[in-house]
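Copied from TrEMBL, the annotated features are:
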type: COMPBIAS; residues: 537-546; note: compositional bias 'Low complexity'
type: COMPBIAS; residues: 547-557; note: compositional bias 'Polar residues'
type: COMPBIAS; residues: 593-609; note: compositional bias 'Low complexity'
type: COMPBIAS; residues: 611-624; note: compositional bias 'Polar residues'
type: DOMAIN; residues: 62-193; note: domain 'N-terminal Ras-GEF'
type: DOMAIN; residues: 229-498; note: domain 'Ras-GEF'
type: DOMAIN; residues: 644-730; note: domain 'Ras-associating'
type: REGION; residues: 524-633; note: region 'Disordered'
């Protein structure tokens, strides 16, 4: 017999149970069956029979995917998901549950309620005492525990007591004695206990604590930097990036977790992400320091250093290291470097063209579509897919790529982590945590998992790298002293004072500003009022902001927080690089998740604002991450009202008018609701709603003041930026 299958999916609606709502999809499989023997005699070619001699059979199965539920139901679903054909549920739950529950709460439910056969209410075995039923339940629990240990063993790292791991070990000793899993948990406990509480690897440390005794931070000489070959620098930066990216704990990237990092009690939250961001900032600072740090350099010498960094960026591209690539491009587009008009004129034409092509990778067109598509294209490819419009660069690229291929070692892909943080925070802003009845919105977690799965795929690809650390370079990199904004701007003016006359006015330069902020500590986004030479300030702020501002024209770092950086490129009409920009005028915000506006820059290391990321195109997501047949849905974005919702930016009057929070509003929200959410976002007392008024900024001299019970969505002016101020009433 020969068989052929044709599968179709049909929406089966919803099923509601006590404490849970399920999406139902009907999977219909058409099976065509025919007898091979005698097919030719009956007129068929090969094994194909005429339609009238084919038997069609239909088989319909039901796929149930939990859409929302109580924590108990979500944990119970871990044991029934395979039976409901929701095969990805366990992975989705384990990757995202930290957003709504703790490991201890999940483990207690799994072991105490469902793992205790005498009190279990698990539907398949309730009130059954047969040995077979016990074996079924134990097998289901063992499967979940095995997946948990495989995918998220870090969940059990709870020094010094390791309560969850000890509880799990006790369960296994009583219910699965002498099993492989018991041995595995014992080994994991010993491993955790033997390991000291480690700070994240100090490759990216820019403090003296990372130096050998007696060494001090210094500005390196041009000769020392030039002694490192371009490909060696790129390989070492990639080595450091790979080590840090592989250690990133994916659930730390969830918007609901990462956005809480600025609270006092969360200063140690998400250390693996902080380390990755710190490394990004260290690369950016290093680029600027090597170009401006030596006053005695001639213009031609400074141009050669710029050329060297562009070539290093190209080598990073060949190595598929998009993190250091973006850090280098960002630094070259900072105010203090980009304004060096005469220096850039001495950069060779071929290198300038290469720089433009590398910058285009991070164009903000269609929500950074180019970099997103390239990242996914190369995520699983063995080598970089290089394509240059310039012949010389194309020849050089192919030659370097061939050398990589001749080594016979595949390469992984190191992403710019901020892209994923942006997406996850935007999802967290746009989608509710709970739905009607107080049920946990698991559809939100399915969508978040689509992003988390990409991170895990790229982490897996990084195992393909075969890079060896170079102690000489790493030590050189660590001991670099990085310039503050004030220092770098001052040195830039010393190098080319006349260039200031060519810097664009605030209005005309607006579209050319690119701010790459750090992802750290601040949830706020700074919008500098004007681009001016920095004025001296008491501590760290040198652009008129307070001392905790990280908004800079080159690379200003608060001395109390070395992990902050913000880069601002500015080009003038006469600039030789006027076509090139890293995404022109938009940065992005790690706190709220999207691309920031042309003015946006973050404080304390946020990456720009969530919402503006989709100004040029709405973000589409699936309604159900793992259920076939689901359609795309448009999520709310900044500066656009869509499907009864949008995202606005609210700043606090009297603090920093340029510090804002992104807030999701719907067509049901009135002034008290939005005011209360804004106060909460700014860490102020939410009960003080009556003391504040909400106004929309229409222009420099016009504001729209809302009445007490106005509907914000319908009352706002949708033809200007969705920027609001929360002001204390007189």
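Backbone N, Cα and C atoms are what each Cβ position is placed from, and that goes for glycine too.
Where the annotation comes from TrEMBL, it is an automatic prediction and has not been curated.
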Per DSSP, how many helix, strand and coil residues does the domain 'N-terminal Ras-GEF' (62-193) have? 85 helix, 8 strand, 39 coil
Model confidence over the domain 'Ras-GEF' (229-498), as mean pLDDT, sits at 87
How do the residues of the domain 'Ras-associating' (644-730) split into helix, strand and coil according to DSSP? 21 helix, 35 strand, 31 coil
